[in-house]
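Everything below concerns the one structure shown next.
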Amino acid sequence: MGEKQDPDKAYGKPAKYDPSFRGPIRNRSCTDIICCVLFFVFILGYIAVGLVAWVYGDPQQVLYPRNSSGAYCGIGENKDKPYLLYFNIFSCVLTTNIIAVAQNGLDCPTPQVCVSSCPAVSWTVATNQLSQTVGQVFYAANRSFCLPGVPGDMPVHQSLSQELCPSFLLPSSPALGRCFPWPNSTVPEVPEISNTSISQGISGLLDSLNARDISVKIFEDFAQSWYWILAALGVALVLSLLFVLLLRLVAGPLVFVLIIGVLGVLAYGIYHCWNEYRLLRDKGASISQLGFTTNLSAYSSVQETWLAALILLAVLEGILLLMLIFLRQRIRIAIALLEEASRAVGQMMSTLFYPLVTFVLLLVCIAYWAMTALYLATSGQPQYVLWAPNVSLAGCEKVMMNTSCDPMNQPVNSTCPGLMCVFQGYLSTGLVQRSLFNLQIYGVLGLFWTINWVLALGQCVLAGAFASFYWAFHKPRDIPTFPLSSAFIRTLRYHTGSLAFGALILTLVQIARAILEYIDHKLRGAQNPVARCIMCCFKCCLWCLEKFIKFLNRNAYIMIAIYGKNFCVSAKNAFMLLMRNIVRVVVLDKVTDLLLFFGKLLVVGGVGVLSFFFFTGRIQGLGKDFESPQLNYYWLPIMTSIMGAYVIASGFFSVFGMCVDTLFLCFLEDLERNDGSLDRPYYMSKALLKILGKKNEVPSGDKKRKK
């Protein structure tokens, strides 16, 4: 019969002693060159896509509304006229969706003109004004709402018949750069227009967006409270820094307090479930009486629900107690590594601020993609066509509508009333426009790949810095002078390709998840339960795969930073090393997660509570210089402070988490490479040596001196 395979051999042989190894390898060569070349070629293509988008794109159509002639409001010749006025906005309301009108103004079959301000009062052309001139009725009364170029001596009735001037005005507010009537405004006597039309067509838009009022109030609140928000973020920064640095003193007691707290919460849950189960059992409330129902809250009134919860919590409590009893040695090792990580961060304080570099690089990646996508979406040559408000009028039958025209040469003295050369849209017949979808896909792939590469760069750089701390035998004397900058230069010089390789693998999985989410969203209403179940299984599998790849990449980058091998070899060595110490991996991972979760909760919760009491004016007696500002939305600076505190805490604790993972891999390598002899001394701290019951041999001369 075959021999039983040794579990250690199944996951590779332990690392061998190397007398020349003294931490991160200095003499290394470039790794994954093919992937490096591919990444640089892709980046060059990404830059080319951006240049093409910049040449052909026109994002002004998104930022500024257009009038009937295609000219932008708010820039150029209309610089002092930032708002768009519809002569009869209710033709838009009655023919199309108001949101579509807000996005594509010329979908409305009515003339549109740029104005310096929206009308403030209701007005309509009186019967006795029809015989007067445009100059008398409009220009003299400061109603500059006619189309450009309308002469002042033109009769009003002619300007109205040709739709060169509006027949009525309503008090309006600017929203999305366009003048929208107030929902409760008084409507003049115009056919097919009533208060109901306004309420149905305008109220929804203004109530949901209320763009101008809300944006102004938000701006005012930020102007009043920005320095207090910065103060709150400063508090978050100090709390995060103190928490990381004090872990060397309180990591052990804090971890045990947290573990006891979790056990206590589970114990209370068991007690509560038992009380509920006993009461319902005495009442005879059983699931057999309830039967099957889709009302999930009804199941809380039957004894079986509480019995199942009781059993589940009891099992979890038992598992945690057994782990605490039998894995206490490994928990002590995890705590010692956390304390060592705190010392490492204290020795290299610059690592705490490296997330700022990552943040700036991520901001560049996202901003470049957003601008490229915007320019691509607005690429194409503008197209102008002939248009008239009423093609059934006499004289319009001879005009070929929707034919191309020049907006700089508007039709003059045409037999067709209101004939204009208007902007219709952008041509989609060019090479760029035909390839628009493919270019956008290229941009999305570039976004994912560059973001994952930037994150990988940060992990590898931090791993190189912290590895140099662990493998310094005499700390801090043997630590390099600039460990972070040295690791940064070393990573960029030799391992750009390896980082790109790992980032590409993760990107492909994330793209697959995004496609699956898109398909699920599109087919959600038409799927049967079986298809929904299959889709859910696929999504779950891809989610698990993404988590595993992130975990594997993270440890592969640590091995790359230390040994300078390519991505595949580093990933294999890291995986084998972790599998040979799987129990220690699980314990350290969970203890670290628990500690960092508590740290984030402490920082974010503390800043949130402090901000709430300050901005709601509940902290009294601090003097005039510390009075809370008067705000429209007091929750706005509170939420901003909380989100900022979370970002700051995540940045600090991501560095700490990377430090723990790096020191852990170095610790495992140290155990396999060395034995504590004079030739092969351990590099780990004295606390870890004491926990493991190991020690380094001391030269005979040092022993005599100690005596």
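Heads up, the Cβ atoms here are built off N, Cα and C, so glycines get one too.
What Swiss-Prot says about this protein:
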CARBOHYD  N67  N-linked glycosylation site
CARBOHYD  N142  N-linked glycosylation site
CARBOHYD  N184  N-linked glycosylation site
CARBOHYD  N195  N-linked glycosylation site
CARBOHYD  N295  N-linked glycosylation site
CARBOHYD  N390  N-linked glycosylation site
CARBOHYD  N402  N-linked glycosylation site
CARBOHYD  N413  N-linked glycosylation site
TOPO_DOM  1-32  topological domain 'Cytoplasmic'
TOPO_DOM  54-226  topological domain 'Extracellular'
TOPO_DOM  271-306  topological domain 'Extracellular'
TOPO_DOM  328-355  topological domain 'Cytoplasmic'
TOPO_DOM  377-452  topological domain 'Extracellular'
TOPO_DOM  474-498  topological domain 'Cytoplasmic'
TOPO_DOM  520-557  topological domain 'Extracellular'
TOPO_DOM  579-594  topological domain 'Cytoplasmic'
TOPO_DOM  616-635  topological domain 'Extracellular'
TOPO_DOM  657-707  topological domain 'Cytoplasmic'
TRANSMEM  33-53  transmembrane segment
TRANSMEM  227-247  transmembrane segment
TRANSMEM  250-270  transmembrane segment
TRANSMEM  307-327  transmembrane segment
TRANSMEM  356-376  transmembrane segment
TRANSMEM  453-473  transmembrane segment
TRANSMEM  499-519  transmembrane segment
TRANSMEM  558-578  transmembrane segment
TRANSMEM  595-615  transmembrane segment
TRANSMEM  636-656  transmembrane segment
N402 (N-linked glycosylation site) and N67 (N-linked glycosylation site), Cα-Cα, nearest whole angstrom:
17
Helix, strand and coil totals (DSSP H, G, I; E, B; other) for the topological domain 'Cytoplasmic' (474-498):
15 helix, 0 strand, 10 coil
For N67 (N-linked glycosylation site), the three-state class that DSSP assigns:
coil
Same chain, outside the transmembrane segment (499-519) by at least 6, Cβ under 8 Å from its Cβ: which residues?
32, 35-36, 38-39, 444-445, 448-449, 452-453, 455-457, 460, 491, 535, 538-539, 542-543, 545-546, 549-550, 553, 556-557, 560, 566-568, 571
Any chance the transmembrane segment (356-376) and the transmembrane segment (250-270) are in contact, meaning at least three CB pairs closer than 8 A with a sequence separation of 6+?
no
Per-residue pLDDT averaged over the topological domain 'Cytoplasmic' (1-32), given as an integer:
69
At the Cα level, what's the spacing in Å between N402 (N-linked glycosylation site) and N142 (N-linked glycosylation site), rounded?
34
With the transmembrane segment (595-615) as the reference, which stretch in 250-270, 453-473, 636-656 has the largest tally of C-beta pairs below 8 Å?
636-656
Checking distant contacts: for the topological domain 'Cytoplasmic' (579-594), what same-chain residues at least six beyond its ends satisfy Cβ-Cβ under 8 A?
8, 11-12, 14, 255, 258-259, 262, 323, 327, 330-331, 333-335, 337-338, 657, 660, 664, 668
Taking DSSP states H, G and I as helix and E and B as strand, how many residues of the topological domain 'Cytoplasmic' (328-355) are helix, strand and coil?
27 helix, 0 strand, 1 coil
Which listed residue (N67, N142, N402) has most other Cβ within 10 Å, given these are glycosylation sites:
N67
Residues of the topological domain 'Extracellular' (520-557) by DSSP state, where helix covers H, G and I:
32 helix, 0 strand, 6 coil
